[in-house]
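Asks: Sharing a structure with you now.
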Amino acid sequence: MKKTLLLSALVSISFAAAQKTVTLPWSGAITGPTSDAGASYAAGVEDYCKYANAQKMLPGITLNCVTRDDQYNNANTQRNFEDFVGNLNAPVFLGYATGGALQLKSVIQETKIPTLTASYHIGIIDAPDNTYTFLPVSSYSENIVALLEYIAKKERGAKVALIVNPSPFGRDPVVDARKAATRLGLKITDVQEVGGNNLDNTALLKRLEAQGAKYIINQNTAGPVANILKDAKRLNLLGKMQFMGAHYTGGEDLTKLAGDAAKDFIWATSYYLYDEANQPGIQLVKKIGAQFKRGADTIRSVHYTSGMLASAIAIEAMKRAGNNPDAAGVYKGLISMNGSRSFDPGFAVGPVTFSAKDHIGAESLRLLQADATGNFKAITGAQRSAMFQLVHPMK
Amino acid sequence: MPASRFTQTGNYRTRYRQDQTIFATYAEQLSLIVLIGLLLLLPLILPKTMLRDVNMIMIYAVAVIGLNITTGYTGLINIGQAAFMGVGAYATALAATRWNLPFFLAIPVGGLAGALVGTFVGLPSLRLKYLYLAVATLAFQIIFEWGVGHTPLLAQGGAISLPQVQVFGVKATFFNHNFVWYYLILPVLVVMGLLWRNVLRTKHGRSLIAVRDNDRAAAAMGINPGTAKITAFMIGSFYAGIAGGLFAYFQKAVVIEDYGLHISIQLLAMAIVGGLGSLPGSFLGPLFIVALDRIVGGTSNWIGSQNLFPAGVDAATALRPLSFGLAIVLFLMFEPRGLANWWRLSRLYFKKWPYKF
């Protein structure tokens, strides 16, 4: 009996000793600006990471799931990165804001830490210093060019106006959008910047109406877009103008804020939505959300799904790295995700594919339109923008 | 000059020259040397992430000295100090990447750019006062952000990466970045602090204070208030430009978000909490605000994770601006002279200790 006890104790000790702890870190805005999206994103990262531990996805490895608030402050993001990589020895970094991601590019290049961000700004993966940075899904620029393609199919020669956030996040897609519009035979009548403090958009909308702009494409967050839609409804412009937007403009956030003014809004995103219950990825989102007792609002948010995708990609790359996942192993794991080895956790409308040259994960996107109840329904299948690859060839 | 140069029991100065000495006693001189000695040893004790905070405090301190020059010493309200920092940061970035200047030349270029722009922005101070001038500086902050956001040369406010720095054969890498930069920022802060302390003893420094206290009386005494105000803006913006250049290198890339209006307000809060028109306050203010931010950040995270409030009520997000605003209001109400006054009272107490009188 004593021998059995001793043996089982030894086995337990050796098993415990064999378990390695690897940190999976995320830094983003849990509080502060854009925390409406950031808090759900953080929950998604953390819950999928804990789920991976519970499922023993990485044999012999326990994940240390760390989500840390950087309050949308670049200095805090750097501080967190230094702590994760310098002290916690994290082999991968999951980031959030555009500014923080752009500022970290040279450090990421120096430390060779593979990085995935919640910002889908194409500049993050543009040269230089772009070896180790990856976008989990298609970029904002591609979202917008896909919307332009949709417009061009419907109405060649249409007048389009862009409303963008007054920041690098908002401005970056404008150059590609202009190039694409020229090639597609569309006319961009105006590019206006609108931030989060837009309380009355009457002048803006009247100006766009006077220009004859029929299609309004937004590159912004849901808050400012909701205010524009509410003002457009008040001015009876909703039927005359078709409002559209890239990933962070739409979804539950928009319908919650804009109410019935969001009806008919066309949204480009790579993610499946909560209401698509037949999708295995969404079933998993619901299961994990319930397991970790998240509120209904969090589970319904597309940002919860986005966080899970980022976490899932990082964990899959660690899995491919083998028993001892370091930064080099995770990088190799990431760039192996192509062809028959592409990764499809079911959260996005296409599989995640990366290579040494391809740093965009789920490249496919869909266009969805809000119905009278505020739910978004797909109006296209999963697709890539053909024009985007011409106007922004990746180096 | 006190009877003993080791202790000060009263003001025994009989000549203007004595009144202009930087240190009244050897004890003061010694305490500064000891303090600098301790500061030189600090990186050996502190963890790396805390060292980053100390570096941030020192950079903000340079900017706050500048703000104190315009607002604290000259009485010109400035809500655009972060924009002056930004001017310095972008000028430094351009000097380093376009002209390939080494950091020890690129940072002064940032300071000079800040001073140049500051002089121009200070021109309205010849006609405007109080709230009106505050709005003029606020306008500059907005113009700066808009201007950078629409300038392709400045990456439309996107990132301009700065080259790695090498000092005495040691390259600042990811692993020694905070360490190397600590020893680069500290001398700059000490020199800038001493420089201002010296300027204050000159007629130029005194004329700024005279203009703050009563510009008509100052004019009657032969001081040109206009020149004094422009000089204040020029020097204050020079400090901001240097701080911006240091910040640009320290952050490794310049991004417009680091120089927004919220940072200007934060710098003003640092100056108020530290004590307007006080050199020690310029160090204590950034220390207090950065420490408060760390503490409140931790508390916010904890509150957020406890689910104490119903869905839709984001109390954790509210806590940071609430505590920040509350700190400023409480200081304005109960200690308008800021932490510098506490520092002064502590020094007074220890000067007399163990005697009560």
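Note: Cβ is positioned from N, Cα and C throughout, glycine not excepted.
Automatic prediction, not curation, is the source of TrEMBL annotations.
Relevant sequence annotations retrieved from TrEMBL are reproduced here:
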- B:23-45: transmembrane segment (TRANSMEM)
- B:57-79: transmembrane segment (TRANSMEM)
- B:99-123: transmembrane segment (TRANSMEM)
- B:179-196: transmembrane segment (TRANSMEM)
- B:230-251: transmembrane segment (TRANSMEM)
- B:263-292: transmembrane segment (TRANSMEM)
Asks: Using a Cβ distance cut-off of under 8 Å, indicate which of B:23-45, B:230-251, B:263-292 has the most pairs with the transmembrane segment (B:57-79).
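Replies: Between the stretches B:23-45, B:230-251, B:263-292, B:263-292 has the largest tally.
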Asks: Are there at least 3 C-beta pairs under 8 angstroms linking the transmembrane segment (B:230-251) and the transmembrane segment (B:23-45), leaving out pairs fewer than 6 apart in sequence?
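Replies: By the criterion, they do not touch.
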Asks: Please check if the transmembrane segment (B:99-123) comes into contact with the transmembrane segment (B:230-251), where contact means 3 or more CB pairs closer than 8 Å and the residues in each pair are separated by 6 or more positions.
Replies: yes
Asks: Within the same chain, where does the transmembrane segment (B:263-292) have neighbours whose Cβ lies under 8 angstroms from its own Cβ atoms, ignoring anything closer than 6 residues to its ends? I mean 6 or more beyond.
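Replies: Tertiary neighbours of the transmembrane segment (B:263-292) are 53, 56-58, 60-61, 63-65, 67-68, 71-73, 78-83, 85, 141, 193, 196-197, 200, 209, 212, 323-324, 327-328, 331-332, 337-341, 343-344.
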